[in-house]
Every structure is written in C-alpha cells, then in structure tokens.
C-alpha cells in the first residue's frame, strides 16, 4: 500500500470507522461507476432491409444489391425526360410524316418479328456470361479485369462482317463459307481470351459460347439482310455486356466485401450498455495491488466463479471496517497460516463423517479448496475474530420444481438441502458440525426459517481461539419472472406489508451456536453502492455473549433489485437476542477471548418514516385511485360489490355448511347473475375464514380478479364455473369442518382472528384460520385449518377456483392426438393442467387492478404461487395412482410415522390429495346431485366422441353416443378412482364426520355391507380395535363396562357407498336383461320359421290386449 494511503488510514485506527458513504455520493464519484456489472460500448446498427419492388427482385436474381434511393430517383427523372421528348417530337410532326412513319414502322416490325427473339436471346446470353465471368474474376480492384468482355461481341460479329464485305470467296458455297466464317470468329475470340489472362476453363467456356451465339445469329436472323445480321448481333451483345458491367460497377454485389468505411462512418455506431464478463475472483480486470496491496493473486480456473460485483463489495466492506489491518499488507503479510491450517484440518475431520448429506460434503470440499487457494496467496491480514459481513437482500429460496431429478415436495424424505455450506464449529470437544433441520414455514412459507435467510455474518461465530470466518460462494440463481411481475404490480398498487415474519420459537438452538445457512443467490452488489434505498446502518461494538450478537433482519421497506428484478429488502435491525444462553458452554480458552463484533443499529424513527413515505409515493405515483383504495379498509369497499354478497351472506353460508350443497338451486335462484357464482362464493368463503383481514386483501381487486376468472370459464356441460365453485366449496368444507379424532396443533383461533392483522407478522406467530360458521364441539374433534397455515389454505382455495380455467371440454388424450397447440407447448404432459395454471396466472399478472395479493411480501408470494401451481397440477388423473400410493405410504403405512404437520412436504401432499378428492366429489354427493354431475360429464364426453368421429379418430371409451354405458362408466370410476382415494383419505382420519354411539349388530351389518362393496378396511380396523379392547378388559377388569363403543359417521362415505351400490344394481339388471334377450334369441333361432312367425303374432296380440 502506498504511503499516502497508510497516512490516510491512520485516523481510522484510532477511532471507529465512519459509516458507509451515502449512495448518492458513491454514484457520483468516478471510481464507484466501475462497481456495477455493466460497461458502455458501441455497436453497428442493423442494416435496414431494401425496398421490396420488382427492381429489387431483379437485382436479387442477378446477385446484386439494389441502388440507393437517390440513384433510383435520378433514373426516374431521366426516363420521364426521355418520354416527354418523344411525346413532343410526335406532336410536332405533321400528319403526312405520321403516315410515313407508320408505314416504316410496320415494315420494321414485320422484319423484326422473326428476328426479335434471336436478338433477345443473344443479348441475354452475353449479359449472363458477363455476370458469371465478372463474379468469378473479381479481385481486390473490383471489376477492373472484366472490361475486356465488351470486345467479345465485336470479335464474334465484326470480324464476320468484315470478311463478308471484303472476301468474296466466302459468298460461294454456303457450307464452306459458314465453316470459314466460324473459324475466323473462334480465332478472334481465342486471341481475345489470351490478353486478360483468363483461366483455362473460362477460356474454353468463352470459345464454346462464341460459337453458339454466332450460330444463333447465322441461323436465326434469315429475315434480315446479310450485312445487317452481324451488326445487330454485335449491337445487342454489346448492350448485354454493358448492362452487366454497369450493374457490377455501380451496385454492390451481395457477398462481396463492403468498401472500407471512412472516418465519418465511425460515428454511426449505436451506444449500448452490455454486462461485464463474469470471471473468477482473481481475474477482475484490475491488478491485485489495486485490491490487496502489492500481494500477487494467482488464478485458479478450477474454482467456482465469483462475480466482479461481489468481490468489489467484499473489498469495499473490508476497507471500511478493517482498515487497521491494512497497515502491514505492504510488507507481504497475509492470512495467519496457522489459523487457516487449523480450519482446513477441521474441515477434513468433518469430511470423514459418513453420515453427512452429499450436499454438505460437496460444500465442505469447496471450502477446503478455497482455503487451499488462499493459503498460497498473499492477502491483507484480517482479524480472525471480526465478523466477515455478507449481504443478501435479494435472497431466493430454492424452488423444488427446478431441482431436476430430486423429489423434494413428494416422497417420504424431507431432508433440507445445503446449497452452500459455511464453516461452523461447535464449542464442544468433538468439534463436529451442528446442523438443524427446520421444516416449518414461518408464515411466509419460505424454504428455510428467516434466521437462515438473514445476513451470514450474523450466523455461527466460532468460540475457539483459532476461530475465523470464511467467504462462501453461493450458486448464482436466475430470477423468477412471476416474482418480477408481482413486484411490478405492487408498484401500481398499495404499499406491501412492511416486514417478514420471523419465528424464533420454531428454530432450535445448538450448544455452541445457531445454525445458519447462506441463501442461494447473491444480489447485484451495485445496488448497495449506488442506490439510496438500500442503506446499511452499522456501528462497531463489543458484546460479551454470543446470544447478544445474534440478530436477524426485518424488512422495513422494499425496492427492486436491478440484477434480478425481484423485490429486495431494506434491512433494519429490530430483532431481539435469542433466549438461549451460550456463554455457559465456553471453555477455559474461550473465557480469555474478547470478541469484537459488528452490530446493526436501529434506524431512527423519523428517518424510517421518511423513507417509507418516499417509497409509498414512488409506488403510488400516477395512480391515485389505487392509492385511495389501498388506504381504505375492506369494509368501506363493500359498497362497490354486488348487494347479494352482503344481503344473502347468512343464508348462503348456511347452505354451504352442508356437504350436499345444492349448487344447482343456487344457480337457478341467481338467474341472470349465475355467471358470478364463483366470485360470490369465493368472497363468502374468504369472509367466513377471515382471509381478507388476515392478509389485508383489498376487496375491489379481489372481486375484479375472480369475476374476470369466472368469465374465462367456457359454457360447456361439465368443466364450467359451476364445477369450479363446487370444487371450491368441497375444499373449504374438507378443511374447515370438524373431523373426529384429529389432533389439533393450534387451538387459539379466536385470538388470532380478533387480533390486529399486523400481529401476524410479529416474531413467533404463524397465521391460522378458522371458519366463523363452524365451531369445534369438543376436544375429540379436530380441524385441518388448525394444522395447515392460512397462507397454504388460501393457496388451496385459489387453486380450486383456477383449476379448470379456460377448459375446452376435451381430455388431455384428445389434445395430444390432435396436436393441439397446448399439447405441443407443454410436451404432451399434463397439458390441460399446465394450461389452466399458466392462463390463470397470466390473467392475474395482466392488469394492476387484479393484484389482490399486493400485501404479500416477496417470500409469501413465491410460496403462494408455488402452492397454487402444485395443487392445480395434482388434479391430473394420469398421476392419480402416484399420488395415492405416496399418500398411503405416508399416512396409512404401518412403518410410517404418519403425517407430520410440521413438515411442509406432508402438508403439501395433504392439500394435493384434498383438491383431488374435491375435484371428483360427484359420486360422494347425494343421489340427485350425483346424477346432475353425471349428466354433465356424459354430455361433455359425447361431444368429444362426436368430434372424434368427425375427425376420423377412434372414439374414446364411454364417449360413443350410439352405445351409452352410463352405469359402467360411473361404477368403474367409483371402483378404481374415487373409492380408493376416499378410503385412503378416511383411513388417514382426515374426512369430516361425527361420533355416533354404535348399537349391537352394527358391526355385523357393516361387515355385510362391506362384503358387498369390497370396502372392508374400516371394519377390519374396528374389529382389531374391538379385539384389543376385549383383551385389555380381560387383563384389567373394570367394575363397569360401557354399553357400546363410538363409531364415526361420514356423510361423504355414506353417499359414496350408496351410489356405488345403486350403479352395481343397475349393471346387474342390464346384464340380466341382456342375458335374457340373448337366451330368447337362441330359443327363437332353434324353432322353425312358421313357429317363429306364430310366436311373434301371439306376442303382438298380447301387447294389443294390454294397451286396450
């Protein structure tokens, strides 16, 4: 380091370093302009297409470019002047001259009519030959060696003309004269080809060409005088050559090298901004001395790449907070190798452990390689006990959809992934890595708790004497388009929710330190150096315990990241220290160590309010209407809604509280307003569950979107808005009604619904919902809404409303067979389901007034969108048995621990099975509703069968109108699809129902019914329970025996069983009638013809008597 820099850094060593420079000053200084990821450059503009005219196509055919506009304008003026001159000459002549001219013209035309075609052919031949030879012989001086072609017509014809005039012997014998004249022509042409050094093959071509065109002139121009033939041939041939050379001279031939640009054309380049080249941390374009004194940095191409912006940020932060340690960097002092080797040894010990996940092992190997690279380089010596700060305002959680072959949201394993491991040490003697498994989404539904999404410098700080913090190299992730659109919609709407929810109660604490993992993605660090909206407030301080050092971040405001387009957070430290005591675990060596750590200070209230007001004005600028709506409570906006939503709320919610919701009666009652049934039911359910207040959903935007959504459903027999409303009602019923025997994890519904909506964002709380129209009778009942967070249930309800959006009334197989655009777009996989999800989200992102989720923060919206898409894709019946097998393995397998409500994967699986059951709930309704839904699906099937027959395709099963098989369709559907799904869902204890007292003989009757229906799983369990109870009573006799045991009555299973029984009876009757008809036909076929006729007559007489 230079002397002046050391002198400038001396005051910083005596006092705490100043706060980071403001972003405005940073952006104004010249050196800071190099800290972003882009550079200015210039590129040549794209060449505009030439005009598409007849002349353009002619030039393209001739392999030349058309002339410029100025040349074309000059040519037009010349032709106009020539036409005017000819017209004036004709008008100036008298009638006598006109008659003589007409006679001469007729004579000329009659003479030329026979010779015009040969002359034109000769001209074209010379034109194309000249074009070919000009292109073949083009050199650096373009066209300079091609003008000899103008003498080619003269050699072909003028020599023949001179011989005809001077040598009389050529006029004798025609054959001998023709041969002599041809030899003369070929001799002249051969001498001509020797002058410009023509290639041999080109010379031979010219000789053959000369002989051919001479023969055409000799044989085709018989109508002209002999002396005139060579002259006209030479004239038209010269014209063709001259035209070809002129085109080559004045116009640029395509494919030729462009002429050298003059100095003035350099200014025609367009200025652009392009991204810098991504390279490793040691190849940043600047010398190592500019960053780390005079130390030399060796490039290691095998290491992962760190962006230029990240390296600049790290170095800038070091210069601000670690300046006292730069004083010895000029002397070549680097990192303390003993500390680095100790850290490498610890990593090596961790790698020996075979129980570590593969992700952790790969990350530890990367860290070991990094430390090996650092040990061979000379760097400034950094205090080992000073936290190395890293900034992650735009951290992105891993999306399980993008994990390729990994199966995160399905399956029995829910192990967390470690995209980037950070060196952590325990204070114990073993020194092993302590990793905690966090499986709960803290309200926002992030992949990790928000302690793990906070700044990595507040992570695990080593308590040993050789502690040090190392840089991590996270994997760069691409930004999500959906989140970018969501952030864009927020700018047009109200201000988002001010903070994220952090739940410290769900984060286990290890013995030595809290386990933190680095987030997956880095923000473009130029945002921190150039933008005033991303300001870090820091001060140095010392704390005596590790608990005081642990602070997480809350989002006090939001802005947009310039590198990925996501909504980023402005960090303000407002969290409390963790309650776990860490200093009791310290060893004797650690007691003598004093840590100097960084802490984030709380920003003054006045400054924070000012920044919030500025951001609010930025988001709501130019949209006063949306700003007023966002500031008004939802209750004030009800005046904008349909009155039916408010007036008939009680009666509607009372009807919907029944599983057999008479939705078709509601459609008939609404009449003309039946097109709004989905939005009205959706609004009623959100009011009932309190989701509007919980997530601060603006009512007007909510109604705007769902009215537009229901308008997107087509008027088809089954997959219409009424079906979507029925599925929505089913998922609401299954998640809010009492379930016998379900254990509730959260019972404080009343407190949560009555509390202020901002309280849901405070630490340690997760929002749950409960239905206002339903109460839990006693502790023997539970509810799914008590075990699934409100955000996930809201995603389930929205997915139910979206799940068949823009359904065409055809199956996936039909779209694939007909090569529909959707099938091609989605590669024949879950075509309709992908189309429903994509179209519904595209509708949401299309207009700002549809953004009813504007108060969800970045992580909540990402989680919400993921859940909605997964729920919609789960409705694909092609994947039905995969989901069913996975659900049985999780919930009903003997070796399984059952559903873990703390696992987000298990909760997602339950929601997927729930919406699948709601989507095919028709057979589980009462008989009348079931028949109405059956009529709709059959009519839709018949329409597809008719179209298949029209297209010449094989008609799909059960879709042939000419051979209806309604009973077989429903019986097969219940037996193979609906029945197993309902049985598995019931066996898992998730179906709503009620406890009833079982009477004597119930078991026997239920056993008989189950034998008929092939559904005896429940009663087998009941028999096992009864056997266990009898054994227990025998071993421990009690003074009083209960008279009977309670059973669960489920309305859904009851209707399913009854409908299945009825369809089976119908099938048996049809088969019986069919067998009797076949038997009658066989008997009739065995009788004589007369007897057969007599039987038919008798039957007719009997029928006539019956009708009489």
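Backbone N, Cα and C atoms are what each Cβ position is placed from, and that goes for glycine too.
The annotation AMP binding site is assigned in Swiss-Prot to 719, 804, 919, 970. The DSSP secondary structure for residue 804 (AMP binding site) is coil. When Cβ atoms from all protein chains are considered, those within 10 Å of residue 804 (AMP binding site) total 26, not counting its own.
Per Swiss-Prot, Mg(2+) 2 binding site is recorded for 804.
According to Swiss-Prot, the feature compositional bias 'Pro residues' maps to 14-23.
The domain 'PDEase' feature in Swiss-Prot is assigned to 633-1070.
If you look up Swiss-Prot, you'll see 1-32 (among others) marked as region 'Disordered'.
Annotated region 'Interaction with RAPGEF3' per Swiss-Prot: 1-32, in sequence order.
According to Swiss-Prot, the feature region 'Disordered' maps to 405-448 (among others).
Residues or ranges marked as region 'Disordered' in Swiss-Prot: 999-1042 (among others).
According to Swiss-Prot, the feature transmembrane segment maps to 73-93 (among others), an assignment based on sequence analysis.
Feature annotation from Swiss-Prot assigns transmembrane segment to 114-134 (among others).
The transmembrane segment feature in Swiss-Prot is assigned to 144-164 (among others).
Positions annotated as transmembrane segment by Swiss-Prot, on the basis of sequence analysis: 175-195 (among others).
The annotation transmembrane segment is assigned in Swiss-Prot to 204-224 (among others) on the grounds of sequence analysis.
Look at Swiss-Prot and you will find 231-251 (among others) tagged as transmembrane segment.
On the 0 to 100 pLDDT scale, the model's mean across the region 'Interaction with RAPGEF3' (1-32) is 45.
DSSP assigns residue 970 (AMP binding site) to a helical segment in the three-state reduction. Long-range neighbours of residue 919 (AMP binding site) (same chain, six or more residues apart, CB within less than 8 Å of its CB): 727, 730, 803, 875. Residues listed for AMP, 719, 804, 919, 970, cover a largest CA to CA span of 21 Å. Non-local neighbourhood of residue 970 (AMP binding site): 923, 934, 1059, 1063, each in the same chain, at least six residues away, with C-beta under 8 Å from its C-beta.
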